[in-house]
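Enquirer: This structure is in structure tokens; I'll ask about it shortly.
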Amino acid sequence: MDIVEIIKAIILGMVEGLTEFAPVSSTGHMIIVDDMWLKSQEFLGKYAANTFKVVIQLGSILAVVVVFKDRFIDLLGLRGRHRDGKPRLKLMQVIVGLIPAGVLGVLFEDYIDEHLFSTATVLIGLVLGALLMIAADVFAKKAPKAQTVDQITYKQALIVGLVQCLSLWPGFSRSGSTISGGVLVGMSHRAAADFTFIMAVPIMMGASVLSLLKNWQYFTIDALPFFTAGFISAFLFALISIRFFLKLINQIRLVPFAVYRIVLALVIYIVYF
């Protein structure tokens, strides 16, 4: 494996890291960067290339764990009980938010992989996701009941979990759907974003590990440098992206991302159709 292919791995990791947790659809960006330009399937093969995308997604997940490490320590009860009387996000609220998409994902995984992963379906997801995000900003409550993630209710967690099911459609965007759902049920943009990232870790980790176990044979000595470079790149760029996004989301809200998604959909449409 030569240096050019390692550079391609770094670029793909960068795209994954920058877009996985922003509400812009990492799938749509992979179509443009990989399918249209870098073409990893040509030198890795179809299944190894798909395994590589799972590996770099794990890099992005690790970045979330690093950014929210204190939160996960609290959720797992590793600090002991807090005695200040303040409300705090509970592990059970996260589980409630995970159940709907988790169940549907397991039931329809094969159908989604076989029938919904196409350029046309991603285009539809990009546009419909953008419309949902615009609606969320238009109808957002002026004084959200949950200003922080510690103030969300079980009902809000469940509704966000139900809306997250939309992200099973490729191109819709997990963060786009869940942040929109959170805003529509009375969370601030930052609270919804925090809850989105926290929920993403177990559901994405589970899906990624299962996929890797199914495709372990593609971890060859030849592919290892490519996989490693992509993983590290995705991790580093996801760290940057997550921290930047969380600082700005309450100010810029969702409409700018929605406009960007529509432009991206137009670019893909012009190139492919």
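In case you wondered, yes, glycine gets a Cβ from its N, Cα and C as well.
Relevant sequence annotations retrieved from Swiss-Prot are reproduced here:
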| type | residues | note |
| --- | --- | --- |
| TRANSMEM | 3-23 | transmembrane segment |
| TRANSMEM | 48-68 | transmembrane segment |
| TRANSMEM | 92-112 | transmembrane segment |
| TRANSMEM | 116-136 | transmembrane segment |
| TRANSMEM | 152-172 | transmembrane segment |
| TRANSMEM | 193-213 | transmembrane segment |
| TRANSMEM | 220-240 | transmembrane segment |
| TRANSMEM | 252-272 | transmembrane segment |
Enquirer: Please tell me whether the transmembrane segment (220-240) and the transmembrane segment (48-68) touch - that is, whether there are at least 3 C-beta pairs under 8 Å between them, with each pair 6 or more apart in sequence.
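Expert: Yes, the transmembrane segment (220-240) contacts the transmembrane segment (48-68).
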Enquirer: In the same chain, which residue numbers or ranges, 6 or more beyond the ends of the transmembrane segment (116-136), come under 8 angstroms Cβ to Cβ?
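Expert: For the transmembrane segment (116-136), the far contacts come to 23, 25, 27-28, 31, 166, 168-173, 176-177, 179-181, 183-184, 254-255, 257-259, 261-262, 264-265, 268-269, 272.
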Enquirer: So which residues does the transmembrane segment (152-172) touch in its own chain, when a touch means Cβ under 8 Å and the partner is 6 or more beyond its ends?
Expert: 25, 27-28, 89, 92-94, 96-101, 104-105, 108, 112, 116-117, 121-126, 128-129, 132, 146, 178, 180-182, 184-187, 191-192, 195-196, 199
